[in-house]
Amino acid sequence: MKILVINAGSSSLKYQLINMEDEHVIAKGNCERIGAEGGRISHKTADGVEIKLDCEFPTHTEAFEKLVEVLTSGKGRVLDDLSEISAVGHRIVQGAELFSESVLVTEEVIEKISSISELAPLHNPAHVLALRACQKVFDPSVPQVVVFDTAFHQSIPDYAYTFGVPYEDYLEFHARRYGFHGTSHRYVSQRYAKLIGKNIKDLKIITCHLGNGSSITAINGGKSIDTSMGFTPLDGVIMGTRSGSIDASLVLYLMEKKGFTPKEMSDYLNKKSGYLGISGFTNDDRDIRKAAAEGNKRAQLAGDILRYGIKKYIGAYTAAMGGLDAVIFTGGIGENSAPVREGACDHMEYLGIKLDLQKNLDLNRKEGEISTPDSKVKVWIVPTNEELLIARDTKEIINKIK
Ligand code: ADP
């Protein structure tokens, strides 16, 4: 069984074709600059064939047509016929309270995803465009499945997802914590349980997905019970260009001082803050580390803020779960940045966390344990694979309807 996984943004469409017999990626790629001039598709096969083609994508439909063409013809061809694709799985950012698990796409499902566009204006409208385009390009008999970033967090209890604003506004405007990166948190926690041969129902885990966007989740018995991102992905720890949690009054104060419109304020908090805003020159953890090592104080401060933020979440979520069995690091920074992991876990012996500093340095990007043998709480790096989980959910759902 071959499953196509789609991650559509407003101007891009990333894809992976996965063989579910052994879960290996047959080909992957990206259509860029949809709706603009100068579009291009980059496509890579498991055999190492790489192609880049300039093409115009007025809409998502042309992008789908092109990716189907490169999968089935030319140098990057990996399929004899499109009918070899059994199903398509789509990543959807916001499912709000309408979706607590992955589902088969129907007209009603598309309408529901569209109905909550206000909660994710940059993402959900693009997902709907991609779903429609996919329906046009594929035979209607090919099932499509949607997998939501928010769904895993629907198990968070009301006292953890409700903000302290008038309750009517939660009811009327859906103002609450949703959490994101759910597919990643679910994947790495399940993978960890499998690797250590334990039932996830018996584990209390904190997963730290640290990348350009970062979120931390408390997973008790396999269920998300709290997470650091909130109504939008702006909340939580400091990120590449996002501020993370700040006092809401500061937003109002700065809007007044700087004369910002809501859109300008949103850009300030989402695109000009975080690592970039603190350091003044980069959103990238590698640059931050290099500059800090060379004595750049603001780069050092940016890194310190992230490390301290993660540490506070580990402490808070241990309290929330009444204990802790494992901390898992994933995402570009979580998998690669030894100093971030070290800083987040230092002086945590009182909580049962003891990092093996050498293993922490050696194990970048690889799956494995980085705590000492006598550490009560295990610390692991587990590289994330959201596409694989989307493909697995898709397979499970289409097997049920067969
Ligand atoms: P996104 O959230 O956009 O998916 P990533 O998970 O790729 O982002 O994370 C991007 C961050 O990870 C950047 O700060 C970058 O410095 C860091 N990173 C990614 N790859 C590496 C690497 N090989 N070595 C060190 N840091 C890395």
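Every residue gets a Cβ built from N, Cα and C, even glycine.
Database features (TrEMBL):
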{"type": "BINDING", "residues": "N7, E386", "note": "Mg(2+) binding site"}
{"type": "BINDING", "residues": "K14, H209, L210, G211, N212, G213, D284, D285, R286, G332, I333, G334, E335, N336", "note": "ATP binding site"}
{"type": "BINDING", "residues": "R91", "note": "substrate binding site"}
{"type": "ACT_SITE", "residues": "D149", "note": "active site, proton donor/acceptor"}
{"type": "SITE", "residues": "H181", "note": "site 'Transition state stabilizer'"}
{"type": "SITE", "residues": "R242", "note": "site 'Transition state stabilizer'"}
Whole-number Å value for how far H181 (site 'Transition state stabilizer') lies from I333 (ATP binding site) (Cα to Cα): 15
Neighbour tally for E335 (ATP binding site), based on other Cβ positions within 10 Å of its Cβ: 21
Among N7, D149, N212, D284, R286, I333, the recorded positions whose C-beta sits under 6 Å from ligand 1: N212, D284, R286, I333
Densest Cβ neighbourhood among R91, H181, R286 (recorded positions), 10 Å radius: H181
Coarse DSSP state, helix versus strand versus coil, of I333 (ATP binding site): helix
Candidates R91, H181, N212, E335 (recorded positions) with Cα within 10 Å of E386 (Mg(2+) binding site): R91, H181
Neighbours of the residue listed as 'active site, proton donor/acceptor' among the recorded positions H181, L210, R242 (Cα to Cα, within 10 Å): H181
